[in-house]
């Protein structure tokens, strides 16, 4: 019976308070005033209150039963209880209730509904009726009360309150029925009084404003959606991420970023160099540099020759040598040589800018490793489901990705909790680093030795360039094959977190590959030097021949008019054109790299997966679980492959403009191919780990490679003389002479004088002095960044520290109190904390590293 | 908008517009969607507020909810009787709370209710385990589940009672980054 009664009370509470008390709560301020002014109303109010309190008693019991007192809003309930105790002070209780209604509006409504949900089912009609009856009663009283107050001022504020309620009613967590009812009441009220007060416009204006904000938000969101829709392969990468974790996805994101950058480089190169040359330059076969020499013409179309980028390929727009040194081409007077040089430099400038900007942006996003948030698991738990998902496949992916991300966090957590012999670990790490340094040094020496030996070979003339370098190639590829697994094995000793282990692995293999790069460049410069010598002799010979021809010509014809010798362009003697040779080397290298990496995937991953999958039916041991198993995705190898490939592109792009196009194709196909391969043939890593939020480590490697590849190119541009008979700079002493020439010839004279002034120390010194001024802006920027960091720290870090301290405090309290659940309400709001113990005082959890205090 | 006279009175539409985040058109569209679920049950004419409820089994087949791991809980939470049977008012209420325009505070309140499986006003370990198993389709081992639940409580519990009250929950959500909040906290299910 008691349960029934209480239940009725509960239900009545819902309905009654919903209808009756909420309006009262919304205008409790003016109600205070009213009660001071109007005694009669107060009496009626008292009446009402008695009724309400009877019910309220029930309510309070309910509440105190299922509402533990530690809730910041519990304060309101206490206040209410206090009010009840002092029977005389009814206003207090009213205010308390009002406050509760207002402040804990959401809370209260929800809780009541909860009661309703849990108990309402069992509710019998009687209880319901009783509750309703009470409600009606109360409503009537309420109405009377409303009617009783007639002071315009009060009703004015009340009307405002009601209007606010009408505007906000959709934000209240109430049942629709209740909302509708309340709305009706409020509207009736407003209609009744608004006519008298004449304030109908406010609501419209408010509604208009609300509508506009809504529209603006919607627009922003649509725009954001549009922007994200423009990012390619988002779904593909998400799919990979959902199955393989963010570490594998970080490679694909890096690949995509690389593709974007190369696309821009491709746009520059083709738009400003290749296309103008094709459209406006001289056609194939018009001049010697654009013609296959007579000796090569027979084999120029052979497949093997083309695959080596000789024959027609060599004398095509893909390579440096094809470009003519005409100052301007076409009707537009496009300055092709200048554009060629500018694009060459611009490629580096743009890449450098982009890499650094991306790094800065990533660092801003949060350069920290993994999680630096307080609520990793809680957020994952409550906010990881994307409520937009409506497609079964996407949902499956989402489930997989949520599971993966939980696993990642679990790995991180276990890593944090790991406690073991620290001395042993340190010793092992030192040992591992020692071993790796040894092997790196060994391989470095091996490379050095081999290169030295090949230089000795170089004195012998019966070997081709390739044969001279064959030994180096074999050694290099052997090292590349043996060392990474060796490093990985040694890294097991260190027992790092997989994310950190990946970085070490990347750094070590990078150091190894630098040797590769070094030998390659060394060999290349060797070749360039021999070519330069060769060219010098050919140049002298051809100049000599030309002179002779002219001398003969003028002697025989008695005519000093110089007409070029009637010679087919294919027959002209020409130099070796070292630039094209370098370009061909880079293109060959890139293409063979593509072939090797694709074949590796096809054989190492796909064939292996097929064998493991199908041979497993008839094999002695379990192939899937046992030895060969399926391959894991090799993040470090792939990332480094990408980075070094990009280095090749940067170095080679100047001498082979077509290389950028090849690279774009490579990255594009690689995206699809590798996505397929990883999904089809690989298994997730044993310990799926979270990638660091920014892939700044990859970017750092890329930046290093950028500098390394910038050096040789700048060196060649600045010091080596361009070939005399091929390329856009033929006939100049240095490549950059083209800039001087443009300044002298194309810019108006005053610009030339301007430049000469600019070189004048009187101008340079002030400019140098102005530099620090500009620099002064930078510290301001960095200062604001520091402040930002500090701010971040203060909202993230310090609460955590305090949290740690508080936990300790509360543990003490828990020991003291007999019932740990019956602790007092949390008096402080959870958000901003007062000055707690300093960062050093509490055993904070730091930034998520190290074992948590226990 | 030819059928608006036959479905709702002008007043009803106004009231619904005031009480939800929808426009008149959207409300009519929602009604059509509601009716699609059970054409034989739901009348076209709603002017006299018929007391009709569509059972949960039909509601959860909607494409917006079909793939949601918490679909049953969502429907239950918004149903008047707690069993998942939705009247039209409940239905429109649910979509209003789920829609893009509804404020975070409201969403947080409802999200708390949804995650509170046993309706004791606290998200306790049991609730968390249920949530986790729904989210991962039971792919985690029991130890992992325990670890995750413990950690989640440890992170978000401010008062140390080993369960999450609404205040804890609200605090935790309010600190979540915006993209998480907007996209992933219980957020806009498409309707149209």
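Heads up, the Cβ atoms here are built off N, Cα and C, so glycines get one too.
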Correct range for transmembrane segment (source TrEMBL, candidates A:338-356, A:357-375, A:376-394): A:338-356
A:627-647, A:648-668, A:669-689 - the range that TrEMBL marks as transmembrane segment: A:648-668
For the domain 'TMC' (A:577-692), residues assigned helix / strand / coil by DSSP: 84 helix, 4 strand, 28 coil
Overall pLDDT for the domain 'TMC' (A:577-692), taken as the rounded mean: 87
